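Heads up, the thing below is written out as structure tokens.
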């Protein structure tokens with residue numbers, strides 16, 4: 001890259017010189033005859049037997065920058081303590097020493113080279129400015145350090161390339177003694193337009209036809225090398241391309257900004273009034289909170305209190321299962337409970353369910369978020385219930401008792417029984433939330449496809465213990481303890497009026513009783529489809545929610561309030577008993 005930059009600079013200066021000569025010829029036509037006459041007289045004098053004094057053309061040869069100087073300049077620019085912006089005169093004074101003098105033109109040439117390589121950004125002096133120094137405005141330390149590391153390798157590559165070029169020139173010129181010429185540095189002034197014009201004039205004045213042909217071939221070979229290097233330089237990203245990329249990034253930022261409608265939907269579901277949750281203290285107990293702080297009083301966050309019984313051995317540490325332990329009456333490990341005053345417990349009670357405005361909204365996408373219909377449920381065996389009497393729903397959620405080959409405190413369904421459930425009749429357009437675990441993940445995906453749903457998302461429930469830490473000793477899992485559960489989200493038809501992008505697909509919540517899913521899923525579904533009819537399958541008493549109809553064999557009787565559903569239920573089951581059909 002160093003040789004390429006030097007040749008391009010030399011080529012640029014020679015082009016400028018040729019342009020000046022052409023302009024002078026246009027202004028003074030007699031100068032052309034003078035130059036031609038001087039060429040003819042020179043050729044006539046060369047034919048005389050006496051010694052002729054031939055003045056060589058005064059072509060300014062620019063020596064390439066010293067590699068050591070380039071390395072020193074890279075090291076100077078890569079210093080983190082360098083104050084920017086700085087000019088080329090200041091850099092020249094810093095690098096100039098008595099042992100190795102440095103010229104201002106070399107420093108400017110190297111700075112322009114580094115700018116072309118996108119190592120630094122420079123600003124050239126204006127035409128009207130009296131200063132001729134180049135201003136360095138910013139540097140890329142990462143690229144500079146990479147260039148310093150690869151300096152040794154690049155020098156070895158340059159030496160090898162120079163030797164290859166010399167060998168190639170010798171092959172192009174041939175081995176005839178009459179045409180031998182002293183070796184010159186590769187890819188220098190021989191590729192310039194001035195040298196090419198001089199060689200053409202010499203050939204036309206009677207200098208040997210064979211030598212001119214071979215010199216022309218050599219010029220073509222070297223010109224091809226220069227063309228390749230110029231092409232590699234032109235392939236770098238231009239200022240216009242960089243500006244276009246910057247505009248694209250700004251457009252992407254604008255597209256990622258939420259619109260006024262999205263902000264309005266988020267504001268609609270924002271919690272009103274005081275906060276309904278309290279934050280736990282990171283230190284656990286009040287004693288540890290006081291010891292870690294500078295104040296004699298604990299913080300206002302929620303703390304835990306140790307439960308120390310007669311059989312408790314504090315040296316054993318905390319129980320792995322904490323408040324989910326099955327043997328708390330005899331467990332020797334330490335357990336915890338919430339440490340809060342009695343008045344705080346009374347204030348923590350939320351508003352009564354009866355205070356909510358009641359109303360049934362069966363239209364998908366109803367914006368009346370605050371209107372809720374009372375909870376309804378039916379105690380039954382879902383395999384035998386004719387679910388067509390319940391109508392259509394916008395959202396269906398199911399937590400099936402999968403047969404996962406474990407000892408569970410409830411009955412399970414076989415894989416075939418799960419596949420035969422009449423889920424498709426519950427929806428024409430909407431969403432299905434299906435909880436799966438263990439080997440049931442693949443079976444759940446199969447059931448989604450069988451029931452006519454396309455899986456579009458998957459919610460992860462990360463389980464935490466009573467102390468709000470990730471559990472490490474779960475009771476599920478064969479090879480690894482399971483610390484999470486999955487909820488597959490399927491879509492059917494073309495649902496309209498649902499809110500997109502309000503929640504993420506991760507729930508972090510505390511573990512409670514067996515198969516007790518987090519209550520956060522209900523808020524997530526309500527924000528997705530506010531005010532619509534929803535149904536939950538395989539529910540238990542703690543799953544009963546407003547706007548939901550819950551089906552399960554552990555519920556308390558039958559509680560229906562929707563007049564249309566009540567009429568269809570009485571017509572289908574006059575005696576109120578849901579029994580197994582005779583054809584099953």
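Glycine residues also receive a Cβ, built from the backbone N, Cα and C atoms like all the rest.
Note that this is a predicted model, so its numbers are computed, not measured.
Swiss-Prot has this to say about the protein:
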{"type": "BINDING", "residues": "381, 382, 399, 517, 540, 541, 542, 543, 553, 554", "note": "S-adenosyl-L-methionine binding site"}
{"type": "COMPBIAS", "residues": "187-204", "note": "compositional bias 'Polar residues'"}
{"type": "REGION", "residues": "1-65", "note": "region 'Disordered'"}
{"type": "REGION", "residues": "162-221", "note": "region 'Disordered'"}
{"type": "REGION", "residues": "400-414", "note": "region 'Gate loop 1'"}
{"type": "REGION", "residues": "454-458", "note": "region 'Interaction with METTL14'"}
{"type": "REGION", "residues": "466-483", "note": "region 'Interphase loop'"}
{"type": "REGION", "residues": "468-484", "note": "region 'Interaction with METTL14'"}
{"type": "REGION", "residues": "469-482", "note": "region 'Positively charged region required for RNA-binding'"}
{"type": "REGION", "residues": "511-519", "note": "region 'Gate loop 2'"}
{"type": "MOTIF", "residues": "213-220", "note": "motif 'Nuclear localization signal'"}
540, 542: which of these binding-site residues has the highest Cβ count within 10 Å of its own Cβ?
540
Across the region 'Interaction with METTL14' (454-458), what are the DSSP residue counts per state (helix, strand, coil)?
0 helix, 5 strand, 0 coil
Looking at S-adenosyl-L-methionine and its recorded binding residues 381, 382, 399, 517, 540, 541, 542, 543, 553, 554, figure out the farthest C-alpha pair and report it in angstrom, whole number.
21
Positions on the same chain near the region 'Gate loop 2' (511-519), where near means CB under 8 A and six or more residues out:
324, 399, 408-410, 435, 461, 463-465, 471, 485, 540, 542-543
Would you mind pulling the DSSP three-state label for residue 553 (S-adenosyl-L-methionine binding site)?
coil
Binding-site residues compared (381, 399) - highest count of Cβ atoms within 10 Å
399
Cβ neighbour count within 10 Å of residue 553 (S-adenosyl-L-methionine binding site)
16
